[in-house]
Amino acid sequence: MCNTSISSSPPTVWRLRSRLLRYSKHTLRRRPSPGVITAIVFSLILLYAVPVTTRMLLSTAPPPQIRAAAATLADNEMNQWQADVRHVTQVMYRAYMKHCMGHDEFVPTTNQCEHWFNIGLSVLDSLDTLLLMDLKPEYEASRAWAATSLSFYQRTSLISLFEIVIRALGGMNSAYELTKDALWLNKSIELGDMLLYAFNDTKSKCPRSEAYLGSNIPMKMENRRASSVTNAAEVGTLQLEMRTLSHFANDSKYKRAIDECMDVLMKAYPEDKLLTPAFDVDDGEFRGSRWTIGGTVDSMYEMLVKNWVMWGYNDTVLRNRFEESVGAIMRVLSKDNGHNLYIGEMTRNRPRSFKHTMDHLVCFFPATLAYAALHGLGGGVNGTRSDDYLPIARRLTKSCFDMTTGVSYGLAGEVTSFAGKPTPAQGQDTSYLRPEIVEALYYMDKIDPEAGDTYKRMGREMWTKIRTFAQVEGREDGVISTTTHLLGKEERPYHSGKLHSFVLAETLKYFYLLFDVRKGSEAKISLNEWVFNTEAHPVRIVRSR
């Protein structure tokens with residue numbers, strides 16, 4: 001259904017624009033006749049200026065009966081945007097299945113396969129995306145592969161415990177939640193049983209950052225890292241998946257393992273309520289002096305409030321730590337330059353070390369604040385004070401969106417400088433198509449009572465840029481890839497590198513759900529009833545079962 005083109009739909013216009021730009025580029029290099037140049041210019045005007053003029057004309061408020069008809073038309077338009085996201089997801093996943101089925105990840109520019117854990121990571125990370133988008137043939141093919149070829153016991157590889165938990169275990173938990181298919185529960189139990197060994201490998205009962213699959217020895221002595229130091233995000237983001245597995249399997253051993261570790265983390269929580277990236281799993285203490293909420297820390301903050309919600313609002317320690325940390329983050333790490341509110345980083349108690357930059361990963365924070373507000377924290381969804389969560393989330397979401405406007409390509413880099421106009425920092429101008437900005441848009445669209453179509457419009461602009469500049473030239477429509485050299489002066493950025501499984505698991509899923517016109521209990525995934533893990537794998541809140 002999503003492959004049927006509608007001549008007036010936005011996706012069709014993007015494809016025409018992209019093709020015309022490529023044709024124009026090659027034609028003008030051959031010094032064409034004045035008539036050909038006139039035809040190209042006229043076509044560009046039709047495809048670019050006319051839509052802009054149309055939007056200007058439609059901005060005039062119509063009579064009530066026309067507004068009612070326009071509302072219906074807008075709903076249909078949103079469904080077309082959803083259909084295009086679904087189309088891209090289907091194209092990308094079919095390309096993965098054709099060239100790399102059973103391998104971990106796929107390189108769209110070369111059709112080569114990437115090996116990481118040797119478990120078909122893209123399959124496990126994409127299951128609930130395929131289910132939510134009703135991509136039945138792709139899901140059934142993935143299930144068939146897992147039923148016949150997936151065995152964690154037959155794999156021998158060094159894996160990131162954090163990544164395999166949030167992507168593989170989280171993905172299978174979600175697939176079981178959505179289908180009640182025992183295959184996924186059995187595979188989750190198989191993986192969970194192996195991961196338990198890692199929790200018994202340290203004095204603190206918190207696991208090291210790496211573990212071996214295919215062996216009861218989680219870290220072979222000759223291959224242990226010299227340091228026992230992991231980071232806050234890696235060790236503090238495992239609770240949701242392990243406790244959910246205990247809930248599904250009716251076996252408390254996974255919950256007991258992670259609860260022992262969480263008790264250590266909560267006791268070691270810094271007095272200033274600002275986490276540092278390093279955590280020593282042998283002595284159970286946080287190390288280092290860098291304050292950040294970006295990579296190495298981010299998802300531990302996120303999981304404090306989500307685990308509080310997931311298990312019925314009962315763990316007041318998690319709620320208190322979250323509220324205290326939000327207050328400290330806003331006091332110490334937030335800056336307002338008059339145009340943007342942003343979260344930087346600094347060395348502990350050294351204000352002059354403050355960096356006026358914001359990581360793409362930090363855009364999880366407005367989404368998390370909005371989710372906390374939905375569940376009654378920080379003034380709730382009707383909070384109006386400047387320190388209430390939702391007003392803060394609105395401003396941070398705008399700053400996150402502005403990170404996409406710093407270059408003409410409209411793609412955000414890894415790190416953005418806010419010293420002036422938001423611009424990708426030097427050396428950080430690569431877009432891996434990360435999900436955090438559209439994640440913020442999705443949460444705000446579904447939660448903010450003042451949302452209107454603000455966040456959908458932002459999402460449409462972002463999606464247009466992705467379809468235009470992340471599209472791999474010469475490949476089937478919908479094949480997108482990592483883009484580099486965003487600060488370059490070329491007409492188009494370069495494409496290189498693998499398609500990370502999180503693009504299928506998170507980025508495309510959040511765009512699809514953002515463009516869903518339904519909200520609240522009518523939405524495909526109601527945020528009143530579901531929790532997403534940090535890899536966007538949804539499970540139902542336990543209290544709502």
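Even glycines carry a Cβ here, placed using N, Cα and C.
What you see is a predicted model, and the numbers here were worked out from it, not measured in a lab.
Pulled from TrEMBL:
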- Glu163: active site, proton donor (ACT_SITE)
- Asp298: active site (ACT_SITE)
- Glu414: active site, proton donor (ACT_SITE)
- Glu436: active site (ACT_SITE)
- Thr534: Ca(2+) binding site (BINDING)
- Cys363-Cys400: disulfide bond (DISULFID)
- 35-58: transmembrane segment (TRANSMEM)
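Structure with TrEMBL features highlighted.
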residue : record                    : Cβ neighbours (10 Å)
Glu163  : active site, proton donor : 19
Asp298  : active site               : 24
Cys363  : disulfide bond            : 29
Cys400  : disulfide bond            : 30
Glu414  : active site, proton donor : 19
Glu436  : active site               : 23
Thr534  : Ca(2+) binding site       : 25
Integer Å distance between the CA atoms belonging to Glu436 (active site) and Glu414 (active site, proton donor): 11
Cα-Cα distance linking Asp298 (active site) and Glu163 (active site, proton donor), given in Å to the nearest integer: 14
Candidate nearest Glu436 (active site) in space, where candidates are the recorded positions Asp298, Cys363, Cys400, Thr534 and distance is Cα-Cα: Cys363
